[in-house]
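Structure, as structure tokens:
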């Protein structure tokens, strides 16, 4: 008796299963995993009745096994159905820890922004500052307040515009360090040393340049480093840090505003050295953006950076697939030539709907600043004083605390619900709150009841802003754009933010204050903010695409495929579904690694789902939930543990489908590391397939054509990669395992293409 028969007999005795040694539907006696031939370790057949049988083929590789379902009863035309599923044990789980820690740490740049913004609100109301810094030694005039507050934003506007030239030339990481340790610190030193209004303004302009660079590069760095399922929350942490900075500045200023000396303003300003030093020194230990390395064709460094950020070994197939996807998309875009600042405003084949994308980013940044939020944070203390509110400092502090608290649910909602719903809901609530404040302020005047109502709705407005527009705007404006122009577009959006900020800060005192050459609108200004909120909601509805859950590269495909923003959520789901609905006959990861596959009616998470099969982990699955045409099986992984599988597919067919062990597409990156490309090619490469099926939302298109389309996409990518990679990498820090010499980019891509051809050629 051979080993296989012994194995079968033992399994019959232990498992009370009917042994079977007829695997006629299995082609050959070996299974192929990553093209290494391995004999069967054991096999058995479980017969549930006379017409159905379920066969499991175990391989000597403990990480893989194949399950097949066979209907022994011929259909009407004599056909027999066999469904084959090749499963593997879970790959090592990705670690989100480093991506989260890196994203939150660089958000300290937002803390600097918020701290400096909130500081000026308190400093201009300090008794010592009014007496010794104000030119007339008693108070600041409307024009002086306007210049002192707004000129920080003037500096940030120019800082944001120069940011892409520095970050694309020297990297995201050095740019953040330089702007923090050098530019911002110089401006801060001038503010600390100032004994008059002029030097204080000059210092704020220079500090503003540093903050402007930070505001353009930090969200960009966060977007390029984060995993797609965490990107929204991580970028939103930038806004959360801004709110914390505002709160801390208010607390510090309350502690020093009554001091009768220069320390009243120098202490809160000087503390900015601490925050800037933390960011500058900490950046030394963080990796550069992997997409920047791809931009510079330093692929080995990009792989190392991804390894650090994803918590995966450098040879992990998921990490390498992500690297290939980034490289493919960038090379496709770069094949159209170098990009300039004007390309940010040009739609082309490699940058679909680019005009709409840049308009969207600029518009939402502008409406964020014109929402009324900075009026409260810049002039809140003075406004509360003028409307009869007692202890305006305390009310201002409470508003900052609300801002911090409600930024936290916003970090959750942006990835859970999506960008569009959050922006739309937030805009509506903000509009209502602003209009109520205006109506109450105009109709009731300076009464106690009116003050309480206004404070309550101001807090409601701040809560809505913090949870929605505060963070989501930075998320959208950082992720909308192709890699070739991403830094430039992000900088333009940040510059738009600061330009509107500057304009609002400059003109608001003239609109609100009472006196000559002013409009004396008072609470009526909230009618303006409320009206702008309504316009913002309309713009979001018709311009903002839903990008939740997509990689930065898949967002390009979204804009290429989705005809408009209104139905972009539908197309977003299509793209995400296509990424998961690859043929079930190919290698798949277990449910621990596929968390976004969706839910069935019974609320069990499927491993993979398509129109024909729902392969579900049924650990703990209630027996009464199994339908009559469902088939359940327990697969032994060889270590004593079982994986419970249920297949809801009917076991009849009109054509014979023999079980095959399909080859897993295997790509060698030229450094001895393998990559499974089983599900799809790089998304930005235009597929050879027709789009009619895609546009008709026929899910069978994905199921039946994914393998073919994936191969076409990857093959197209390989050809483009070879043609476009004429430059060489200067990186010699990484030596491939099979070659001690550093390889050029062309060698790297040649190996990639040749290995791909080797493993995807007809067998």
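Using the three backbone atoms N, Cα and C, a Cβ is placed for every residue, glycine included.
What Swiss-Prot says about this protein:
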COMPBIAS  725-737  compositional bias 'Low complexity'
COMPBIAS  738-763  compositional bias 'Polar residues'
CARBOHYD  136  N-linked glycosylation site
CARBOHYD  385  N-linked glycosylation site
REGION    1-28  region 'Disordered'
REGION    725-763  region 'Disordered'
TOPO_DOM  1-99  topological domain 'Cytoplasmic'
TOPO_DOM  121-144  topological domain 'Extracellular'
TOPO_DOM  166-175  topological domain 'Cytoplasmic'
TOPO_DOM  219-231  topological domain 'Cytoplasmic'
TOPO_DOM  253-266  topological domain 'Extracellular'
TOPO_DOM  288-357  topological domain 'Cytoplasmic'
TOPO_DOM  379-393  topological domain 'Extracellular'
TOPO_DOM  415-421  topological domain 'Cytoplasmic'
TOPO_DOM  443-452  topological domain 'Extracellular'
TOPO_DOM  474-491  topological domain 'Cytoplasmic'
TOPO_DOM  513-524  topological domain 'Extracellular'
TOPO_DOM  546-763  topological domain 'Cytoplasmic'
TRANSMEM  100-120  transmembrane segment
TRANSMEM  145-165  transmembrane segment
TRANSMEM  176-196  transmembrane segment
TRANSMEM  198-218  transmembrane segment
TRANSMEM  232-252  transmembrane segment
TRANSMEM  267-287  transmembrane segment
TRANSMEM  358-378  transmembrane segment
TRANSMEM  394-414  transmembrane segment
TRANSMEM  422-442  transmembrane segment
TRANSMEM  453-473  transmembrane segment
TRANSMEM  492-512  transmembrane segment
TRANSMEM  525-545  transmembrane segment
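Beyond the ends of the transmembrane segment (176-196), by six or more residues, the same chain brings 106, 109, 112, 132-133, 135, 155, 159, 163, 166, 170, 202-211, 213-214, 217-218, 221, 262, 266, 269-270, 272-273, 276-277, 279-280, 283-284 to within a C-beta distance below 8 angstroms of the stretch. The transmembrane segment (492-512) shares more Cβ pairs under 8 Å with 145-165 than with any other stretch in the list 100-120, 145-165, 198-218, 267-287, 394-414.
Among 232-252, 267-287, 422-442, 453-473, 525-545, 453-473 has the largest number of CB pairs under 8 A with the transmembrane segment (394-414). When DSSP labels each residue, the topological domain 'Cytoplasmic' (288-357) comes out as 45 helix, 2 strand, 23 coil, counted as helix, strand and coil in that order. Note on the topological domain 'Cytoplasmic' (415-421): residues 229-233, 472, 475-476, 540-541, 544-549, 565, 568-569 of its chain, located 6 or more positions outside it, place their CB under 8 angstroms from a CB of the stretch.
Mean model confidence for the topological domain 'Cytoplasmic' (546-763) is a pLDDT of 44. Around the Cβ of residue 385 (N-linked glycosylation site), 15 further Cβ atoms fall within 10 Å across all displayed protein chains. Within the chain, the topological domain 'Extracellular' (121-144) has long-range Cβ neighbours (under 8 A, six or more residues past its boundaries) at 194-197, 200, 249-250, 253-254, 256-262, 264-265, 268-269, 377-382, 393, 396, 509-510, 513, 515, 517-518.
For the transmembrane segment (198-218), same-chain residues at least 6 beyond its ends with a Cβ under 8 Å from one of its own Cβ atoms are 106-107, 109-110, 112-113, 116, 120, 133, 147-148, 151-164, 166-167, 172, 175-176, 179-180, 182-192, 238, 272, 487, 490-491, 494-495, 497-498. Of the ranges 100-120, 145-165, 422-442, 453-473, 525-545, the one with the most Cβ pairs under 8 Å to the transmembrane segment (267-287) is 100-120.
Sequence-distant contacts of the transmembrane segment (100-120) (same chain, at least 6 residues past either end, Cβ-Cβ under 8 Å): 148-149, 152, 176, 180, 184, 204, 207, 211, 214-215, 217-218, 221-222, 225-226, 230, 234-235, 237-250, 253, 268-269, 271-272, 275-276, 278-279, 282-283, 286-287, 309, 374, 377-378, 400. Away from its own ends, the transmembrane segment (525-545) comes close to residues 356, 359-360, 363-364, 367, 370-372, 375, 419-420, 423-424, 427-428, 430-435, 437-438, 441, 469, 476, 480, 508, 511-512, 555, 558-559, 562, 564-566, 568, 572 of its chain (Cβ-Cβ under 8 Å, at least six residues beyond either end).
Remote same-chain partners of the topological domain 'Cytoplasmic' (166-175), defined as residues 6 or more beyond its termini with a Cβ less than 8 Å from a stretch Cβ, comprise 213, 216-217, 220-221, 224, 283, 286-289, 292, 295, 487-488.
Counting residues of the topological domain 'Cytoplasmic' (219-231) by DSSP class, helix then strand then coil, yields 8 helix, 0 strand, 5 coil.
According to its DSSP assignment, residue 385 (N-linked glycosylation site) is helical. Residue counts for the topological domain 'Cytoplasmic' (415-421) under DSSP (helix as H, G, I; strand as E, B; rest coil) come to 5 helix, 0 strand, 2 coil. The list of residues near the topological domain 'Cytoplasmic' (219-231) in space but at least 6 beyond its ends in sequence, with Cβ under 8 angstroms from a Cβ of it, reads 94, 96, 99-100, 102-103, 106-107, 167, 172-173, 176, 237-238, 287, 289-292, 309-310, 415, 474-475, 477-479, 486-487, 490, 494, 549-552, 554, 595-596. Beyond its flanks by at least six residues, the topological domain 'Cytoplasmic' (474-491) meets 160-164, 167-168, 216-217, 219-220, 222-224, 231-232, 235-236, 238-239, 291, 294-295, 326, 329-330, 333-334, 338-339, 341, 343-344, 350-351, 354, 357-358, 360-361, 364-365, 414, 419, 423, 544-545, 547, 552-553, 555-556, 684 of its own chain at Cβ-Cβ distances under 8 Å.
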